[in-house]
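**Student:** What TrEMBL records for this protein is below:
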- A:23-140: domain 'Cyclic nucleotide-binding' (DOMAIN)
- A:154-232: domain 'HTH crp-type' (DOMAIN)
There are 2 protein chains.
Amino acid sequence: MALHDAQLVHQECSSCPIRHRAVCARCETDELERLEQIKYYRSYQAGQTVIWSGDRMDYVASVVTGIATLTQTMEDGRRQMVGLLLPSDFVGRPGRDNAAYDVTATTDLVMCCFRKKPFEDLMLRTPHIGQRLLEMTLDELDAAREWMLLLGRKTAREKIASLIAIIARRDATLKLRAAKGQITFDLPLTREEMADYLGLTLETVSRQISALRRDGVIHLEGKRHVTIPDFDRLIEEAGDDSDGGMVS
Amino acid sequence: MALHDAQLVHQECSSCPIRHRAVCARCETDELERLEQIKYYRSYQAGQTVIWSGDRMDYVASVVTGIATLTQTMEDGRRQMVGLLLPSDFVGRPGRDNAAYDVTATTDLVMCCFRKKPFEDLMLRTPHIGQRLLEMTLDELDAAREWMLLLGRKTAREKIASLIAIIARRDATLKLRAAKGQITFDLPLTREEMADYLGLTLETVSRQISALRRDGVIHLEGKRHVTIPDFDRLIEEAGDDSDGGMVS
DNA sequence: CGTCTTATTGACTCGTTTCAATTCAGGTGG
DNA sequence: CCACCTGAATTGAAACGAGTCAATAAGACG
């Protein structure tokens with residue numbers, strides 16, 4: 001409610017929560033200053049569409065707080081999520097004028113935006129930005145390939161277990177805790193969004209969550225709050241080899 | 001047979017068939033000379049494994065001629081292809097020591113290899129390499145996301161139609177012909193490899209190819225040679241919006 | 001001409017989807 | 001404070017698409 005208009009937030013890069021993970025992570029203080037000059041913030045409330053696929057997009061951005069999704073839609077309405085953006089993740093593509101996917105805020109969202117042209121210019125003069133962006137893009141490509149295995153070959157039950165494990169890990173990373181022992185967190189997605197992530201229907205998602213709960217793999221309080229009594233058991237249900245994509 | 005040992009092929013970068021599409025595409029002649037000093041060629045015959053997931057990989061490479069695949073395998077043997085590498089595509093990840101996927105030559109294959117350490121050093125001194133690699137990685141990420149839509153939401157028939165359209169387009173790009181009107185090419189993949197690409201079984205692939213042939217969407221001579229009488233019809237069957245990922 | 005691999009086809013099974021009916025939780029206003 | 005309303009989630013029953021298992025066919029090769 002308080003954030004439905006843009007540009008209400010502002011802060012210094014030096015105290016930014018994503019300072020050391022985002023596209024600016026490798027920048028020296030002088031490079032940061034130049035970025036600081038061209039940046040501005042935008043806020044969206046949960047549920048708002050940030051941009052539609054095909055729309056002109058004259059900026060790129062980092063997610064500062066909150067969660068956003070990238071989705072593709074077919075003419076008949078079938079939807080597939082193709083990206084889940086957490087704090088520090090990058091949105092948009094330098095050198096591209098139009099958005100390739102729908103971007104939606106699933107929680108209240110704050111983004112740190114850079115107008116595309118100045119950002120591209122700065123990239124040419126500041127190798128550290130391009131280097132970090134390459135690293136992040138390669139990470140995303142790895143994640144996408146893990147996701148392809150899930151979509152192409154896993155059963156509904158394994159898909160759900162995998163998603164819960166992914167969220168648990170990311171949550172642990174953000175909170176800087178190890179993803180072992182008793183773990184507790186909130187699902188940031190509705191059943192329908194999970195279905196879009198997993199290539200399932202929301203009914204199947206609901207059924208499989210119920211099944212995992214019945215089997216004691218997860219505990220649920222309300223619809224969103226999850227506790228995982230045994231993380232290894234969850235990983236086993238996900239069908240992953242145990243390392244689980246903890247890419248160095 | 002003639003190519004089962006490495007280093008049998010060698011040529012100058014200036015006359016290289018992938019000179020203007022690979023990681024080296026943006027390099028000036030002096031930059032190219034430095035690359036030339038650290039490169040070497042490797043050849044594999046069709047069916048050979050280039051590298052196993054998890055193996056140490058002390059080089060990165062470009063595909064010069066032939067086709068390779070990236071696949072992931074679960075413990076119980078389920079396989080999902082996660083990359084289809086054509087001439088000019090890049091293999092390996094700077095900054096990573098072990099292969100993340102199985103790499104297999106599906107046709108006879110020639111790769112232009114760079115030992116990882118010297119390549120990384122050169123990358124730091126040569127922004128053009130990193131810039132091109134970023135561009136290529138972003139393209140791959142887009143392709144992966146298109147692929148995710150296919151895996152998550154398309155029917156078996158749509159998957160087959162999509163794959164044939166993708167191959168037709170790539171074939172047209174390599175031959176520098178427009179992908180319109182009467183199109184003819186060979187499928188570079190076996191039914192099983194197509195199944196691994198599409199998240200299907202080989203039986204379903206076979207059935208759907210037969211169905212598309214019965215319905216006149218494609219013509220088949222032998223098992224591999226395909227003719228497409230009406231490309232728009234094929235695209236329609238693929239369920240894509242007509243632009244079909246011809247991303248600028 | 002047999003052998004081996006690759007591909008096709010059929011019959012049946014099973015997992016996920018579809019369609020429909022409740023249930024649940026949160027917020028609003030009487 | 002409770003009744004009501006709304007959107008989200010759960011659950012059930014039936015339909016359907018893709019998988020499984022098995023038999024046969026078609027090439028490729030020695």
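Using N, Cα and C of the backbone, Cβ positions are placed for all residues, glycine too.
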**Student:** Would you report the average pLDDT that the model assigns to the domain 'Cyclic nucleotide-binding' (A:23-140)?
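**Tutor:** Taking every residue of the domain 'Cyclic nucleotide-binding' (A:23-140) together, the mean pLDDT is 96.
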**Student:** Using DSSP, what is the helix/strand/coil residue split across the domain 'Cyclic nucleotide-binding' (A:23-140)?
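**Tutor:** The domain 'Cyclic nucleotide-binding' (A:23-140) comes out at 34 helix, 44 strand, 40 coil.
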**Student:** For the domain 'HTH crp-type' (A:154-232), DSSP counts of helix, strand and coil?
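**Tutor:** Per DSSP, the residues of the domain 'HTH crp-type' (A:154-232) fall into 43 helix, 11 strand, 25 coil.
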